[in-house]
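Worksheet: one structure, shown below.
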Amino acid sequence: MENDHGILSDHPSGEEESQVEITLRPQKLREYIGQPKIKHELEVYIKAAQSREEALDHVLLYGPPGLGKTTLAMVIANEMGVNIRTTSGPAIEKPGDLVALLNELKPGDVLFVDEIHRLPKVVEEMLYSAMEDYYIDIVIGEGPTAHPVHFPLPPFTLIGATTRAGMLSAPLRDRFGIVEHMNYYTQDELTKIIFRSAKIFHTSIQDEGAHELSLRSRGTPRIANRLLKRVRDFAQVAGKQSIDSAIVKQALSLLQVDDRGLDEIDRKMLLTMINFYHGGPVGLKTIAANIGEETNTIEEMYEPYLLQIGFISRTPRGRLVTPTAYEHLGIEYPTDKN
């Protein structure tokens with residue numbers, strides 16, 4: 001079903017989608033919309049590092065998918081005036097892969113590791129000395145001929161991004177001097193992002209159209225941009241010169257995205273909990289089995305937003321559907337749960 005992992009998916013789908021994201025990315029902190037606290041702090045840290053002619057401290061960015069962690073890493077590199085190498089935790093399978101990446105870095109460069117919580121343990125342990133003292137020791141050869149080789153590294157900045165900060169080991173987490181939590185975006189921030197993206201797309205959008213789109217974007221820029229692309233298609237086929245609220249509502253109704261940004265999977269999840277488990281508490285694995293989704297998919301893609309808007313709550317016994325969610329779905333809240 002395309003709506004599951006297409007429109008509201010938090011991961012880019014294919015080369016074309018990735019190219020669109022690159023086109024929309026700001027290059028400087030002043031162009032970056034949202035996350036004001038993080039921007040202000042980074043401005044200070046970057047200016048201080050530049051004045052000392054040092055590499056920026058290692059940075060950990062964590063929060064739900066689609067909030068701009070990769071974009072912010074690239075902005076940091078641009079502000080520092082250095083090169084950036086990008087990779088992901090699963091792509092660094094063995095120590096040799098890490099050595100190859102580190103060997104390409106010049107003084108001050110940035111190494112960006114997405115999904116850093118998925119680094120293999122042996123690679124993570126090699127990172128400790130690289131991050132703290134700028135060297136790595138690797139063993140060359142096998143058996144009696146095996147011997148350690150000491151590799152000094154230039155000062156560099158590791159930027160790690162994760163949706164699961166709790167899965168990072170304490171030794172790795174403690175080596176990040178700068179730790180920033182990415183928050184969901186406000187409607188005003190998303191509206192500004194939508195206007196900026198529409199301009200890049202050479203697409204006209206009215207104020208009420210941008211506002212309506214921001215309401216349905218789950219506080220997430222990546223989703224806002226994806227929905228904008230799809231609504232643009234509907235507007236073009238309908239012969240509209242500009243995107244208004246009516247075409248946004250029409251398009252997203254067909255895509256089964258409601259006025260709070262919930263899609264078919266969100267509603268299926270909530271209705272399963274209500275109809276089969278009296279609104280909870282119910283365990284995540286049970287929910288996943290009932291709706292045919294992976295627990296990781298629910299935990300990373302759907303649950304954070306439902307928690308954010310107060311539609312579910314987490315308890316030691318499982319997830320609960322809140323009265324607010326019942327009201328949104330048009331279902332009367334059971335009197336025996338009051």
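Cβ from N, Cα, C; glycine included.
Here's what Swiss-Prot has on this protein:
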- Leu24, Arg25, Gly66, Lys69, Thr70, Thr71, Glu132, Asp133, Tyr134, Arg175, Tyr185, Arg222: ATP binding site (BINDING)
- Thr70: Mg(2+) binding site (BINDING)
- Arg314, Arg319: DNA binding site (BINDING)
- 1-14: compositional bias 'Basic and acidic residues' (COMPBIAS)
- 1-21: region 'Disordered' (REGION)
- 3-185: region 'Large ATPase domain (RuvB-L)' (REGION)
- 186-256: region 'Small ATPAse domain (RuvB-S)' (REGION)
- 259-338: region 'Head domain (RuvB-H)' (REGION)
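Secondary structure at Arg314 (DNA binding site), as computed by DSSP, is strand.
Between the binding-site residues Arg314, Arg319, Arg319 has the most other Cβ atoms inside 10 Å of its own Cβ, all protein chains included. Mean model confidence of the region 'Small ATPAse domain (RuvB-S)' (186-256) amounts to 93 (pLDDT, 0 to 100 scale). Here the binding-site residues are Tyr134, Tyr185; the one with the fewest Cβ atoms within 10 Å of its Cβ is Tyr134. Between the CA atoms of Glu132 (ATP binding site) and Arg319 (DNA binding site) there is a gap of 40 Å. Per-site Cβ counts within 10 Å over the binding-site residues Leu24, Gly66, Thr70, Glu132 peak at Gly66. Taken residue by residue with DSSP, Arg319 (DNA binding site) is part of a strand.
Taking the C-alpha positions, the distance from Gly66 (ATP binding site) to Arg314 (DNA binding site) comes to 22 Å. Among Leu24, Arg25, Gly66, Lys69, Thr70, Thr71, Glu132, Asp133, Tyr134, Arg175, Tyr185, Arg222, the residues given in the record as binding ATP, the maximal Cα to Cα distance rounds to 37 Å. Here Tyr185 (ATP binding site) is positioned 22 angstrom away from Arg314 (DNA binding site), judged by their C-alpha atoms. Secondary structure at Tyr185 (ATP binding site), taken from DSSP and collapsed to helix, strand or coil, is coil. Here the C-alpha separation of Arg319 (DNA binding site) and Tyr185 (ATP binding site) works out to 24 Å.
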